[in-house]
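Chemist: What follows is a single structure, and I will ask about it in a moment.
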Amino acid sequence: MPVLLNADGSFSSRQELLDLQDCPFNGGPSLDTPSPVDSQTGSPVGSGPRSPGGPGPDGLNGALIFTRASMLPGQLYGEGNQPDTEVPLELTPKSSNSDQLCGWGALKPKVIQVFNTPRWVLFFLCVASFLQGMIVNGFINTVVTSIERRFDLPSYQAGLIASSYDIAACICLAFVSYFGGTGHKPRWLGWGVFIMALGSVVFALPHFTAPPYLVSLQEQIGMCSANSTSLCQNKEGGGLSSYRFVFMLGQFLHGIGATPLYTLGVTYLDENVSSNYGPIYIGIFYTAAVVGPAAGYLLGGYFLNIYTETHLTTEMTPEHPHWVGAWWIGFLAGGAAALLVAFPILGYPQKLPGSQEHVPRRVSEAHQLKDGSHTTASDPQFGKSVKDMPRSVLLLLKNPTFLFLCLAGATEATLIAGMSTFGPKFLESQFSLSASEAATMFGMSQNKAYRHEL
């Protein structure tokens, strides 16, 4: 607030201030510094004679007024041409606001800020989890028999291909969740979805690099003649078994890409919503994850009705024992969709606007250990070094709730993993069904089971 002074310490009337604001600046005294007489008296305003050319005692009623208000653009009383450092706080830009904007690097347009909310984060994460379940737990299990027939793979190699996903997840899970928990979670999530999309493309690559799938009349009979067995021993598909390494690489990339999704994705949702809405957001996220495999079975069964060489015509039907459907279409479509979803996830900030309000509540809800070791984990510097990983594991092992939840999840996965991988193959072989019919029926049963579970 401006400080107004005159000779006797107060204004006689408000008109004096109005007269001073209308006072011309040319030819008048410099208001930046007091006159010599004023300096001698030690008072900011003197009653002695003024400098030549200045107004007399009657000009300004014997008073000079010093204020902090700006009389000219860029000038202040007592400051000369120096800018005023006392800028209101609301006018200074806050760096935290720019850090919480949605965008990619320096590109943060205002149009996309409408998506910078927890609900839109939940939407994109649900789409990513749906695609992960559809590709890994749906398409993979549907096309097991097709790729076995197409590339001459035994069942144990097909099982190894399916297990490559879990092997990659076990290797990367600890490091991704540990370092990603203290890093930029949306970037970890976005790059994970991108790697998962790359894995789908790699998994479909053998269809385009292998020779066309052509079945001769003798192979259509399903048996070899007694006089000529060389054709059956030297089948063209016998040299294609090395493509199993390409399938394993694709599944390995699937496992790496999906690792941040169910660890950092749940954490990111929980950090940016209140404790009342956190279970709802996480429940919706997992619902999309369990519906994905059912959709993968249904879509995979539909694609298997199409001949694998779409540019060729054949007299075989899907019921023929040597029929191979278009198993690769689902992976290309799912990979393209995952690539599109990865782009907006990469644009989200490390913390959404308003997330600071939920931090104190999270601290009060943390698991308190009797030995007080949880206080070490609350240190902001804890967890940023590899040396802290053993202590972090020890803290988790001391949490009984966490341990029992892990055991429950492991038990469920043990029961479901084998059935979901070889269930369609069992139906196909035991009930003389086509690959499409077996996948569709198994997908419908899976969908009903998930709906009953929810």
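Placement of Cβ uses the backbone N, Cα and C atoms for every residue, glycine included.
The compositional bias 'Polar residues' annotation in TrEMBL covers 32-41. Among the features that TrEMBL reports, compositional bias 'Basic and acidic residues' is placed at 358-373. The domain 'Major facilitator superfamily (MFS) profile' annotation in TrEMBL covers 121-454. The region 'Disordered' annotation in TrEMBL covers 21-60, 357-384. As annotated by TrEMBL, transmembrane segment applies to 120-140, 160-181, 188-208, 245-269, 281-304, 324-346, 401-422.
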Chemist: Please indicate, using numbers and ranges, the residues of the same chain that are 6 or more beyond the transmembrane segment (401-422) and have a C-beta under 8 Å from a C-beta there.
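Modeler: Non-local partners: 137, 140-141, 144, 155, 159, 162, 166, 293, 367, 446.
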Chemist: List, by number or range, the same-chain residues at least 6 past the transmembrane segment (120-140) whose CB is under 8 A from its CB atoms?
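Modeler: For the transmembrane segment (120-140), the far contacts come to 161-162, 165, 189, 193, 196, 200, 251, 254, 257-258, 261-262, 265, 268-269, 272, 281, 284-297, 299-300, 327, 330-331, 334-335, 337-338, 341-342, 344-345, 348, 352, 420-421, 443.
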Chemist: What average pLDDT does the predicted model assign to the domain 'Major facilitator superfamily (MFS) profile' (121-454)?
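Modeler: The answer is 80, the mean pLDDT of the model over that range.
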Chemist: Below 8 angstroms Cβ to Cβ, which residues of this chain, lying six or more residues outside the transmembrane segment (281-304), approach it?
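Modeler: Non-local partners: 118, 122, 125-127, 129-135, 137-139, 141-143, 146, 262, 265-266, 269-270, 273, 318, 325-327, 329-330, 420, 424, 434-440, 442-444, 446-447, 450, 453-454.
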